[in-house]
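Visitor: Encoded as structure tokens, here's the structure I'll be asking about.
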Ligand SMILES: Nc1nc2c(ncn2[C@@H]2O[C@H](COP(=O)(O)OP(=O)(O)OP(=O)(O)O)[C@@H](O)[C@H]2O)c(=O)[nH]1
Ligand SMILES: [Mg+2]
């Protein structure tokens, strides 16, 4: 297990879904259970960042709140990096039901010498499936204080490694791994994709 943290953001409003999406099930477990399970396979510490800590106290990992609530994912990253016991944190969302611990670990292993390791597909980045160092805390705070909430806004202030997703193909199903569930339609799609992939928490074994 890597000496790094897995930080799971779960402080959103789920306004497009209309109900707390972290607690919706895809492949036999809630999305947040799946993400936490994968993070535990890779990292010594797992931290959930939420503003409703009571909802996640049963998952057996650290649960913390935003230091500056109501400002979106960048504030969650800020709180997670601040709380982390390690220099590096892999930060992800509670709505990514196909996340894979091997890919998360790979990105952390790419991190020495950098402050951010972020997957890149063409012009598009995956900042909620990325690694951040403690050096990001101060520039993120500055963004939040200036009411700048776009996650990648602070990247020019730190050392960023862009990892083309083609390099990840051997480790993960790229069609699925970055898929995030925002709407009821995407939930239906995620459940379709999950079919035949992974069964309930306990298989009969026969
Ligand atoms: N800790 C924390 N996490 C957040 C915050 N806002 C969003 N997130 C998380 O960031 C991730 C990506 O956000 P979205 O996919 O937009 O989720 P959301 O904000 O709940 O959904 P919408 O209201 O539909 O935009 C999800 O895991 C959210 O739970 C916040 O203010 N604090
Ligand atoms: Mg999302």
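Cβ atoms here come from the backbone N, Cα and C positions, even for glycine.
Feature table excerpt (TrEMBL):
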type	residues	note
DOMAIN	6-147	domain 'MobA-like NTP transferase'
BINDING	9, 10, 11, 21, 66, 95	GTP binding site
BINDING	95	Mg(2+) binding site
Visitor: Let me know how many other Cβ atoms fall within 10 Å of the Cβ of residue 10 (GTP binding site).
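Guide: Result for residue 10 (GTP binding site): 26 neighbouring Cβ atoms inside 10 Å.
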Visitor: Need one number: mean pLDDT over the domain 'MobA-like NTP transferase' (6-147).
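Guide: Result for the domain 'MobA-like NTP transferase' (6-147): average pLDDT 97.
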Visitor: So how many other Cβ atoms are close to residue 21 (GTP binding site), meaning within 10 Å of its Cβ?
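Guide: Its Cβ has 27 other Cβ atoms within 10 Å.
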Visitor: Rounded to a whole number, what is the top Cα to Cα distance in Å among the residues the record ties to GTP, namely 9, 10, 11, 21, 66, 95?
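Guide: Greatest Cα separation within the listed binding residues comes to 18 Å.
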Visitor: Which three-state DSSP class does residue 21 (GTP binding site) fall into?
Guide: helix
Visitor: Quick one: give me the count of other CB atoms within 10 A of the CB of residue 11 (GTP binding site).
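Guide: Residue 11 (GTP binding site): 23 neighbouring Cβ atoms within 10 Å.
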Visitor: What is the Cβ neighbour count of residue 95 (GTP binding site) at a 10 Å cut-off, with all protein chains included?
Guide: 26
Visitor: Using DSSP, tally how many residues of the domain 'MobA-like NTP transferase' (6-147) sit in helix, strand and coil.
Guide: 54 helix, 37 strand, 51 coil
Visitor: Could you check which of the binding-site residues 9, 10, 11, 66, 95 have their CB within less than 6 A of ligand 2?
Guide: 95
